[in-house]
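The following features are taken from TrEMBL:
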type: COMPBIAS; residues: 1-11; note: compositional bias 'Polar residues'
type: REGION; residues: 1-25; note: region 'Disordered'
type: REGION; residues: 81-104; note: region 'Disordered'
type: BINDING; residues: D184, D231; note: S-adenosyl-L-methionine binding site
Amino acid sequence: MEPTNETTTESSDTRPFKRSRFLEPSPLPSAGDLAILHVKRDVITPVILSTSTTTGYAEGAVTNTRFGSFPHSRLLSSPWGSQIRASKVDTGSRGRGKTPTTATEPVDAAAGFIHLLPPTPETWTLSLSHRTQVVYTPDYSYVLGRMEVRPGGRVMEAGAGSGSFTHAAARAVYGPGGRVYSFDFHEPRVEALRKEIEEHGLEEVVEVRERDVCTDGFEPVRNKVEAVFLDMPAPWLAIRHLNRGDATPLDPEVPVQLCVFVPCIEQVTATVETLRTSGWSEVDVVEVQHKRIEVRRERIGIHNEGLRGVNSSPANVDEALTRLREIEKNNVPSKAARLERLRQEASERKVYEDGELVHAPEPELKSHTAYLVFAVLLPHLDEDAEMVSVALELDGN
């Protein structure tokens, strides 16, 4: 049965848990859904799918890219992950009166395609509007894993910015009882993030608040948190407010995990000094350097002539001599006939298994993004609990 937004279960704080189509998309996209169009490796476009017929196109809503036009009617009828061919669309009526036409169904263009992808924190990070510096997948995936964030967990972030980490954290805690509390002092950013959270169906998981935590500290939240992420210019000012006091948002019964995202080593120094004087322990600094590796098959040889993405030069001396003998005997067919014969042969063999499997790192490596400062705030123990803890540790040794 297809999941819907109406499914609810009871969470640990008795509030209903609403399913999110952003994190649990149905097999087929629906009108109003967010879709990610993978145009090429570094070009990813977010689109709200529509059935509108007032766009000036006979086919209805259309998204235009450098590789062609794509009517939403075709996108809406295709499963997620499909490769979508570009279409010839009626553009004669745009900006003018209606052009009489009966061709409302998309017609395949000669070339061009995209891939239709469901939204995920990864694809959203690559396609969102940059309101501030973005925390990318290599960093936030390590942060969430290191802080052991899991379904039903409770996370607090300060410096929400563009909402990249917010979406990733929402997926990590997604489930009954899971909550993300997001703070930012900039009102336009807060309103923009709230709108995105509502559009993505994450309002039951994410709560966005406008507040300058460096000056005013953190507000009490509905559920005490067990992990904190800070991404701001002066995080040491916010760390002063993260303690075990009465009004703290931190869970008093468990160790609280902290990660601070800082771009330069001077900020690392100031942050670490504040952590050590504020009772935090296990302070550690990490830098994540991401390297993407391309894996492909390299096909070389004159028998690959005419195929896309191959090197049709002779693969060895024998192939070169064979071609020269054909030329000397005037036995070389026309290029058109030769290419047609090679295409026919290619259709009868598994071209994707030809060639040698090779790999290479991407030519432009993404270098430093930020330093990640981790720390743990242990719960307070009374004298009896501390003695029990010491005894257990001694027994373990």
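Using the three backbone atoms N, Cα and C, a Cβ is placed for every residue, glycine included.
A sphere of 10 angstroms centred on the C-beta of D184 (S-adenosyl-L-methionine binding site) encloses 27 other C-beta atoms.
Around D231 (S-adenosyl-L-methionine binding site), the same-chain residues at least 6 positions away in sequence with a Cβ under 8 Å from its Cβ are Q133, V135, E157, A158, G159, G161, F165, V260, F261.
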